[in-house]
Amino acid sequence: MTLLLDMVTTAAILFIVAAGLLAIFGVLKIINFAHGAWLTIGAYCAVATAGLGLNPWAALPIAFAVGAILGGITEQVIVRPLYRRPLDAILATWGLGIVIGQLITLWFGRDVQFTPNLLSGTVDVFGVGYSLYRLFAVAAALVIGLAFTFLLEGTRLGLSAQAVIMNETLARALGIDTARVRLATFMVGTGLAALAGVLLTPLTSVDPNMGVAWLIGSFMLVMVAGSSFSTLAIACLVFGGAQVLVSTFVSPIFGGITVAVLCALVLRISPKGFARA
Amino acid sequence: MPESRSIPPRVWLLAALALAVAVVVIIGPALFDRFTLNVLTRSMIYAMLAVTVDILWGYTGILTFGQAAFFGTGAYASAMVLSHLGATPALLALALALAIIVPILLGAFVGWLSFGHGSTPLYATVISLVVPIVVTQLVFSGGVWTGSSSGLVGYSGLPLGLQGYFRLTGICLIITTVIALIFTRSDAGKLLVAIRDNEARCAYLGLDPQRLKIALTTILAGVAGLAGFLYANASGVVAPENTGFVFGTEIVIWTALGGRGTIIGPVMGAIGIDYLSAQLSGDLPFLWNLVVGALFVVMIILLPNGLAQLARMVLPRRHGEQASQAGSPALAAEAAGNGAENGNRVLAVSGLGKSFGSLQVLQGIDLDVRPGELVSLVGPNGAGKTTLMRCLSDGTEATTGRVSIAGQDISGMTPDEIVALGVGRKFQVASVFDSLTVADCLRMARASRKTPSLLRRSATLGLPVAAADILRSTGLDGMLGRPVSLLSHGQKQSLELAMVVALEPKLILLDEPTAGLTKVERTTIGATLQKLTGELGFAAILVEHDLDFVRDISTRIVVLHQGKLVLDGSVDQVVNSEVVRTIYSGGAHA
């Protein structure tokens, strides 16, 4: 039972972390390698919020806002010239990630920081005590997934974004301001990444390089998922589940690379990943 | 020969460089203190890695973070032999051999994984990220064997002092750099740029880009492994960080800052940045990385070719001079080895069909083409003309039916294999190599017949007479040294035709070769095609919209309408037929 819960909650956490990256890759076809840095920014927003003596929950909106604003600046200055050079965009955003990491180090120091728990304790699920926070993560993942579906299906921005995904030239010819769609998407993506950073704080230690560890896993999941949130959810369930199984039954060290290796193999067999399968 | 005289300055430059660095290697140990010697030894090892990344990324366009994994594998292979078995001369030789062989095997596997038929550049990058992570985790889980997270330390290596290691790595670096310089400037080295520019064109010139990439990955993995061996010996410690993807990104950063695609730039970049890091990180630990990171971002956005590009912009004249000197080989026409067997069918198509899902684009196509025929394929937009051409040149395209070239069934064959059977395809939009010169483009077309030299840059350009004629009649023979990016649209079309003819194909497929050309250019191409088929015995299939043009030059016309072949006959038969008139005036469905 605990195993099953572990699988589901792990998948939920992976989903939360990868969502921001997927939003950007899905619409812009750009891989934001500074994604890890935004997770870190979000986590430090939680640290700063706690430092100011505010309610820990206030960190969520703050992080989203900070992430989105910084993301907006990044899109304008760094990403915009690189839409035609996607491999260079990977490098430029990776470089940005280094810069952000160093700035955080200069500001907060390189030590591990602690934040107050958002939720603590356990609840009984079918007679087994289980971490309340991990269950909350499942709820959070559902909320993010549903919010995104609503954003894509039910709003003007979402409709424009879908048009850009399908055929950007046509979208522009139809009078959609693709530059603004891109800016908005990038801001939403980075905002989500920062939000995910806050949500990660109770689960991992907070230090200036915490994001890098999460980057590759979410990157691989996004490559497999393509541009759809439902396939991302499936990918997270499958690979997150596999990760828990490998960690439990083989070795935790191999568990850490399960997601990356399985995703690479899936992409070799079917280059479109789960998008077409 | 004036051309051969233009090469010596390069050779002198290289010799001077090698000499200068050799002097530093011999005198250096006397000048530098212990700390500097140590750091520079490490920097030079890293510079070897930067050279390998530059060949893969700067020249061939494969962005890779995986060199760190091969480096780490080599380093760990050496360190494990030396720690667990000992450091006798025989075991040192074993360590060296393993440090090269294990990464080569790993590299071959990674190459096979990364470059399948139809895999994207991004996928190769993805794999290059996964490999270092996997290797790092293996190291972590290796227990006593790999020293896990603390790495291996305290083994004895080569019996060399600090200065000895400095010299050894210096020499290795110079050898690597010189080989890389010679290779990338050789005829074969141009293949790398051709792959980066236009992989599809490479395949349709009968080359196998994927196999070349796998070979390159394999060999450079071995070089990285050698660097790993040096590192394990010189530093006396190997740690999991040496294999990680973060280290892989650092190598890419050095390469980018030094200037991708220049070999020397990345060497300077690696040595400069690593040395400065060691010097400055004590005083300004975080600020230094901040500066490097910021510089990297700015560089990628504004100067994608690195500092070397800046230097080139400051010295534009010298560069231009070199280009015009180095790149004007003499044209040498070779006798055609094209024994056209008369009468036999070059192409036989029966019952060919192609569908995308439920949409039937082609159905029931039967078509025979013999040597010396110039068959024009006409039909309205959407009739399936280009699709038919694709089915003839890529064996994986057709859904049903049979296509044979010179009697051989092509189903399942890749474009490069079909080229080997004697099919040359010219695309609708001129598909050439923009970063190469006219002569280099033509050399690529010959590469599948005559393996290009790994060392030399030829002073002559050997072409079949037919291809040389095209160059002469279009005036391209006077601009062999000119970069393709400076050619006009019409010149690019002519160049591509010359490249296709240089393949000495039995059958040439041309997709609207005259689109967007002037009247004069069009007449030239028409005359060339008539000569190729009428006099030299090539067979050609021409997709064309201009019926007047078609009428003038064709020996036979085939009409395609809504995916079906509705007419196949002589020029007169077709031009005067009722069916054609109905189709073109938008009448009843055939």
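From the backbone N, Cα and C atoms, a Cβ is placed for every residue, glycine too.
Whatever TrEMBL says is automated annotation, not expert-curated.
The shown structure was predicted, so the numbers you read here are calculated from the model rather than taken from an experiment.
The transmembrane segment annotation in TrEMBL covers A:12-30 (among others). The list of residues near the transmembrane segment (A:12-30) in space but at least 6 beyond its ends in sequence, with Cβ under 8 angstroms from a Cβ of it, reads 38-39, 79, 82-83, 86, 89, 93, 134, 137-138, 140-142, 144-145, 148, 161, 164-165, 181-182, 185-186, 188-196, 199-200, 203, 214, 217-219, 221-222, 225-229, 232-233, 236, 239-240, 259.
Among the features that TrEMBL reports, transmembrane segment is placed at A:37-54 (among others).
Sequence annotations record features per position, and here TrEMBL assigns transmembrane segment to A:60-79 (among others). Residues 28, 30, 32, 34, 38, 41-42, 45-46, 48-49, 89, 92-93, 96, 182-183, 186-195, 197-199 of the same chain lie 6 or more positions beyond the ends of the transmembrane segment (A:60-79) yet place their CB under 8 Å from a CB of it.
Here TrEMBL flags A:91-110 (among others) as transmembrane segment.
The transmembrane segment annotation in TrEMBL covers A:130-152 (among others).
The list of residues near the transmembrane segment (A:181-200) in space but at least 6 beyond its ends in sequence, with Cβ under 8 angstroms from a Cβ of it, reads 13, 16-17, 19-24, 27-28, 32, 35, 38-46, 59-60, 63-72, 74-76, 79-80, 83, 118, 137, 140, 144, 151, 157, 160-161, 164, 171, 210-211, 214. The transmembrane segment annotation in TrEMBL covers A:181-200 (among others).
Residues or ranges marked as transmembrane segment by TrEMBL: A:212-237 (among others). Away from its own ends, the transmembrane segment (A:212-237) comes close to residues 7-8, 11-12, 14-15, 17-19, 21-22, 25-27, 31, 33, 35-36, 39, 97, 145, 148-149, 152, 165, 200, 204, 259-260, 263-264, 266-267, 272-275 of its chain (Cβ-Cβ under 8 Å, at least six residues beyond either end).
The transmembrane segment annotation in TrEMBL covers A:244-267 (among others).
Sequence-distant contacts of the transmembrane segment (A:130-152) (same chain, six or more residues past either end, CB-CB distance under 8 Å): 2, 5, 8-9, 11-13, 15-16, 19, 23, 117-124, 158-159, 161-162, 188, 192, 195, 199, 202-203, 229, 233. Proximity of distant same-chain residues to the transmembrane segment (A:244-267), defined by a Cβ-Cβ separation under 8 Å and at least 6 residues beyond the stretch ends, is recorded for 3, 6-7, 10, 14, 216-217, 220-221, 223-224, 235, 273-274.
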